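As recorded in Swiss-Prot:
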COMPBIAS  8-24  compositional bias 'Low complexity'
COMPBIAS  379-396  compositional bias 'Basic and acidic residues'
COMPBIAS  667-689  compositional bias 'Polar residues'
COMPBIAS  722-743  compositional bias 'Basic and acidic residues'
COMPBIAS  747-758  compositional bias 'Polar residues'
COMPBIAS  777-799  compositional bias 'Basic and acidic residues'
COMPBIAS  801-810  compositional bias 'Basic residues'
REGION    1-38  region 'Disordered'
REGION    375-396  region 'Disordered'
REGION    665-689  region 'Disordered'
REGION    719-817  region 'Disordered'
ZN_FING   202-252  zinc finger
ZN_FING   254-288  zinc finger
ZN_FING   312-368  zinc finger
Amino acid sequence: MKRLRNLSSSDSSDNESPSTSFSSCFQHKGKGKCTADDGKKSAEVFRKDLISAMKIPDSQHVNPEEYYQFADTWKQEWEKGVQVPSNPENIPQPSLRVIAEKAKEVLFTRPRKYIHCSSQEPAEPGYINILELAESMCRYDLDDLDLYWLGECNLELADMGCAPVDESTMEKTLEVLERQCHENMNHAIETEEGLGIEYDEDVICDVCRSPDSEEGNDMVFCDRCNICVHQACYGILKVPEGSWLCRTCVLGLHPQCILCPKTGGAMKATRTGTKWAHVSCALWIPEVSIACPERMEPITKVSHIPPSRWALVCSLCKLKTGACIQCSVKSCITAFHVTCAFEHSLEMKTILDEGDEVKFKSYCLKHSKNKHGLISEQEEPHKTHSDNRPTESERTSLRAQKLKELEEDFYTLVKVEDVAAELGLPMLTVDFIYSFWKLKRKSNFNKPLLTPKEDEQNGLVQPKEDSIHTRMRMFMHLRQDLERVRNLCYMVNRREKLKLSHSKMHEEIFNLQVQLVNQEVAAGQPLSNALENTLFYPPPRITLKLKMPKPRTRDCRISSVKAGTMSSPDNQNSSATYHGMGGEVHRQSSEHTKLYSTYASEQRNNGLLGGITRFHKEFQGTGCKPSSRFRSSGKPMSLQAVIHGQSSNGSGKVQHEHVSLARANGVLSSGDRTQRDSSSQTSPGQNSEIICHIAGQSTFRKANMEHFSRSFKEATNNLVRTTEDLRSSEKPQRRQSVKERLWSKQPADTQTSGTPYQDNDGYCPDLELSDSEAESDENKDHMLLRRNSRESPNRDSCRNSRIRGKRKMTSHSSVQR
């Protein structure tokens, strides 16, 4: 027999690998999975007890020094266990053989120096280099004006006896003219040729705004953008021989400063290399710093700038772009950009502290003017205007004027001979095209006909970078969306699995219940529960229990006395039958009544009246004739006799239960009233036949009583209705006497205090019994018969007049007993 073991936390893992615990490892040693070839035992097993022993429950108190805590997430594949050898003899033995080393063959290789390609075609056929093809294509396209002029030019050349010019030749000539003009103009600007401007000694550094220089800290000019910086201010460790270019000019970029709205100047990049900022802006903004002071790059801690500084608006340029600084005067909050302050000649001081710390002081336009006024008052009055050196603004305007003149004389920068030599065209043809190019450009306000190639490349590179970042963000969002979809799919899958397991469980329960019902039907036994309650679950009912006043002591004291004072005319026959029967018949009739009351009370829980039909079917299986026990209504004759007073006193409870069941559901059909009226005329012969049938079915009732556990008292309590409810739905047929009203008032008060009133929803909660529980079964039977008589008064007035005297005698005899 297989040894039982406790389940560990790792046993619940869903894996298909063979596993075993420490206790079953040696017991089932060799029971691993076998190979398909030789059927041998596996040489290894997976032990999960090591994983279980390693785990510590959360509720266990262990010294932190005695265990290690995993910081990473526990993986499900770890639950499969540890692979350990179980059958060492089944471990395959390796086999090998020594192979002699094969001698290497020397193959002939052709030297590369003897391989030459005489053609310019690519080595791979069908391969086309897109970049080379783009370079070979002409960038200029002729428009309608060019085509019209070309036609007129060809007519002139034909008259002169020269070869005509085709469209491609004219496009290439115009492209070469534009390219040479652009290159020569840039060279003139960079080398100051044609500008005729010589820088004087008052030029200042673009970073520190100081015109002084010293040994080892010379001022260096960029040969392209013409900015002037100190070596220490820009981080130039060694001045190169020849030309020098700043960082932006080396890369051929014209970036925008992230700290101010200005472009150009001494700029350095951030760590990413995609954002640029002025060195002066990085020095004057307190949150920003420079990583390497020797090289003055890269610019860091831009993210440390608070949002309040980004939200400041410059008082000089009125722009909210970038980050502004504020006036150093404590009472002044004027904001301005660093570069705007330099342009407006605001006072910007750099103070060296005693601890070799550099402090930056900046003043707004108002406070700078005050300081300038104080300084001008302290200056000597004999200062003359002998110093005629131009200011910085004058130099800037002079430079702009020279550049404008250079743009107007653009045609002087191109030589026709060089263009003709480069293209291999006759001078006359190139001269015609040169004249047309000059006139067309003059008519367009000296603007170039082609965009410079460098600008096109910059324009292509920047959108490409932007598109790359956009695609990266798009893919990131797409991945997040896919992750959300995956989680949703997992949750939906898990929900459907739970629903499937729940449905399978209900199906199994239904099949088992059907199997039990079939077994009971096949064995001829009565059903242990209602079929509709077994197979179909009713919705839950909500019952409101109301607190009623406690019963008075006087009512409880006289409740046993007045129980038998009143009885209906139908009870006379019942009393006579009771005295005429033996004790055995009375006991069997009581069992029969309890059996039926149990069915009726169970059926009331579902708000249905199908229990009577099921009781009828059980009596059909006993083998009696239908003609002797059934009417056209389908009810047993014994039930009709009990309802209308033809049975014993113990059967009188069935009458009350049937009426309470019908009224609790709020339905009392006309068929039931007709059957009750017709059954009241039962002959004495039928009564004797019913008594014999009840005596013969005692064994059947005893077998049925084993299937029910509810007592007679519980069934009675579930079927009792309040007297006030019954009294409200009926009208008395006659005026009672004073004595009868006095006796009938007491049970109504007692029942009202014991049973709370509620709506007729087919459900009645258990009632709290008063002192009447100590009464005998006989008095209870009479009380139920009395209530039934009040609830169902006799409709036959003739019969009521005949047996009125007998009713009084029966009432007095009940009181005496």
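Even glycines carry a Cβ here, placed using N, Cα and C.
Long-range Cβ contacts of the zinc finger (254-288) within its own chain (Cβ-Cβ under 8 Å, at least 6 residues beyond either end) map to 206-209, 225, 227, 229, 233-235, 246-248, 296-302, 304-306, 309, 317, 319, 321-323, 325, 337-340, 342, 348, 360, 362, 458, 465. Broken down with DSSP, the zinc finger (254-288) shows 6 helix, 10 strand, 19 coil. Counting residues of the zinc finger (312-368) by DSSP class, helix then strand then coil, yields 10 helix, 14 strand, 33 coil. If you take every residue in the zinc finger (202-252) and average the pLDDT, you get 85.
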